Each structure stands twice: as C-alpha cells, then as structure tokens.
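Heads up: the structure comes next, in structure tokens.
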Amino acid sequence: MYGILVLEDGTIIRGEGFGAETEVLGELVFNTSMTGYVEILTDPSYKGQIITMTYPLEGNYGVEKEWFESDGIKAEGFVVKDITGKELDEFLKEYNIPGISGVDTRYITRKIRSKGVIRSLLKTSTNPITKDEETELLKKVVDYPDISEIDLVPEVSTKETVIYNAEDEKTRCVLIDCGVKQSIVDCLVERGCSVVKVPYNSKKEEIISYNPDFVLVSNGPGDPENMSETVETVKNLIGMLPVTGICLGHQIITIALGGKTYKLKFGHRGGNQPVKDVESGKVYITSQNHGFATDDKIVPAGSELMHMNLNDDTVEGIRKLESSDLKNTVWSVQYHPEAGPGPHDARFLFDEMVELGIKFKAEKAN
C-alpha cells in the first residue's frame, strides 16, 4: 500500500502505507519512547495528533488489550521508520487509523524540533498517489486549523459517570475526565482509592454530591484555554476540598489559580524527561506528553514552583502555598507519574494523593 505524508510547508514524504486505507489530518509530533507504542496510540491526549516515533522499530512485541490506556486508538495517525509483525498493522486497521513506514523519522524529528509542530496530512492508498493529488492534499493541510482552535476534550471525555470501587476503600476521589489514561485510575484503585469518573463539564454541585475526599483533574488533549467550563468548576472547588491535577489538569489548575499557559515549540513527548523537585533537589525521570505549559513568569499568586524540567527549565509542578487547613490544598504536576509507558520514579505521588484523601476524610469526620 502507498503512503504519503504532506506537511504544511509543502514538504512531501512518501513511504509504505500500513493500517487502514484512509486519509487524516492532524498536528505532527514526535515521541522519543523506545517502547510503549500501544499505550501511546491509545492515550486520549494524542487526539488530533499524528505521532512520529523516533525509535526506529515498532510492532516487535505485538499488541495486548491489557496495555490499552482507553477503549481504542485515539491518535490520528502513526509514522515509523520500520514496522515488524502483523499485529500493529491489524491494530491500526481495526480502528481505521493509517500508518506510514519506510520514512526518515530522524529527518521528520529534526524538522519538528527546528520549526515546531506541523499541521500535516497522512494518506494511505492501494493506488499510486499522483502529483496532482499532492496539490489537493496540501491545500487541505493549509486549510486545517491549529490544534489550539479545536475543542478536543469533548471527544475523549466520558459521557456519563463511571465508578471504580476499590476493594478495601480507604478514600474516595472524583476524577474530572478530560481524557484520562486508564493507568491513572488503576494507580488510585490499587492503593485503596475508589474513583468516581465524571465528564469534563461536570458542575461543582454534582462533584460534591459524591462526597469525595479529593478531586483529581486528569490529562487530556488540546489547549487548556479552551477549557473554560472545567476551569470555572475547579475555581469553585478550590477551598472546599483538596484539588490535584495531572498534565492538562495541571494546566487547568494553573489557569484556575490565576496563572497563564502557553504553547511549547514542539512539546515534551517521551519517557526520558528529567524533572527536579525544587525543594529536595531530587531528580526523577518521567514520562511526558504535552504541548502546552505553565508560564513560569506568571506563576499564580499564592502558589509556588514545585518541580521543573531540567532540559528546558519549564514548569513541571506547582502548589498553593502551604495551609494548615487540608481543604485548601492544591497541587499539580505537568508530567505523568503513572507512566504508561515509562519509568515509575514518580508513582509515589499517587501515595501522596491517597494519603491526602485519607487525612481529609478523617478531618471531615471530626
């Protein structure tokens, strides 16, 4: 099958198509992970994006449903140097997702690194793609909006409340689902925290009705500036009970506290990002997947920098200044402590969330 990748600057990259025979538009990004292609493809944060893998060989250990981070592939397309085995090809076909192989992924990565993320079109076809078609495909790319103009979260958030009961419940969390990864839920439940997953646009009153001990705002795709409903809800929850956030949830909390976010040139996507705890000086190797960040020049008033990225000094975590009252606790991290895929250096943060919930539950009882 033929494959073609058309970039907004007019670059045409031809290769061998695999997966579904179709055509997609999206923001072209790169991921530096050496493993975890199943988790990456099924991560809802990749909605609206075509992923280029920098590691040269994909598909060499198959596909298992237990690795899924959602109910299926959420990325728009997949770009690889080489593919091996049939399972990855069949996996993409099952979810009507195109892929292209046999291309110079180093060239693509360098281009993104120097110019920034790029609007692109990926087309696969059993028929040769002509020069005349290239012109039409490029026009589609140029007309495609920037990802910040697309409201992606409604496409990946749950449509109804889902409850995950812990076997031996120690505490309860309401998770505001902006496109949550399943491993985040799993990390909480296995620690004795029951999770009530609610839609991204749930109001304060509904969230409080579940009597949670803390709230977690999840990861998800797109620009946090589009999340006005969720930001307003988080504003209303702060001061009522502890509030935490991961990735997009971190950015939403930043805005709710009065801070600002901005779009990174090419983002952080991979399992090898070093993050420093500002207070202790400890360094964690973390898994990351984001294209926006907290503006370090406008850290919310009454808050402080908690973690920073050692590659580019971007903000990786903030917290509201310490309060003796647990209900005022607010903290969030930009990276993914659950990994999925990636290192588990920061999974202790889920222990801290659960401990926070247990303490607030006891405080409420008194």
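Each residue, glycine too, has its Cβ placed from N, Cα and C.
Around CYS247 (active site, nucleophile), taking its Cβ as the centre, 29 other Cβ atoms fall within 10 Å, counting all chains. Among the features that Swiss-Prot reports, active site, nucleophile is placed at CYS247, with the record citing sequence analysis.
Other Cβ atoms within 10 Å of the Cβ of HIS336 (active site) number 25 in total over all chains. The active site annotation in Swiss-Prot covers HIS336 (among others) and rests on sequence analysis.
Taken from Swiss-Prot, the feature active site applies to GLU338 (among others), supported by sequence analysis. Counting every protein chain shown, the Cβ of GLU338 (active site) has 24 other Cβ atoms within 10 Å.
Cβ neighbours within 10 Å of LEU248 (L-glutamine binding site), excluding its own Cβ and spanning all shown chains: 32. If you look up Swiss-Prot, you'll see SER45, GLY220, GLY222, LEU248, GLN251, ASN289, GLY291, PHE292 marked as L-glutamine binding site, on the strength of sequence analysis.
According to Swiss-Prot, the domain 'Glutamine amidotransferase type-1' annotation covers 172-363, on the basis of sequence analysis.
The region 'CPSase' annotation in Swiss-Prot covers 1-168.
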Local Cβ density at GLY222 (L-glutamine binding site) - other Cβ atoms counted within 10 Å: 27
Cα-proximity to PHE292 (L-glutamine binding site), 10 Å cut-off, over active-site residues CYS247, HIS336, GLU338: CYS247
Binding-site residues: GLY220, GLY291 - member with fewest neighbouring CB atoms within 10 Å: GLY291
Nearest recorded site to GLY291 (L-glutamine binding site) by CA-CA distance, among active-site residues CYS247, HIS336, GLU338: CYS247
Where the record names SER45, GLY220, GLY222, LEU248, GLN251, ASN289, GLY291, PHE292 as binding L-glutamine, the maximum Cα to Cα distance in Å: 13
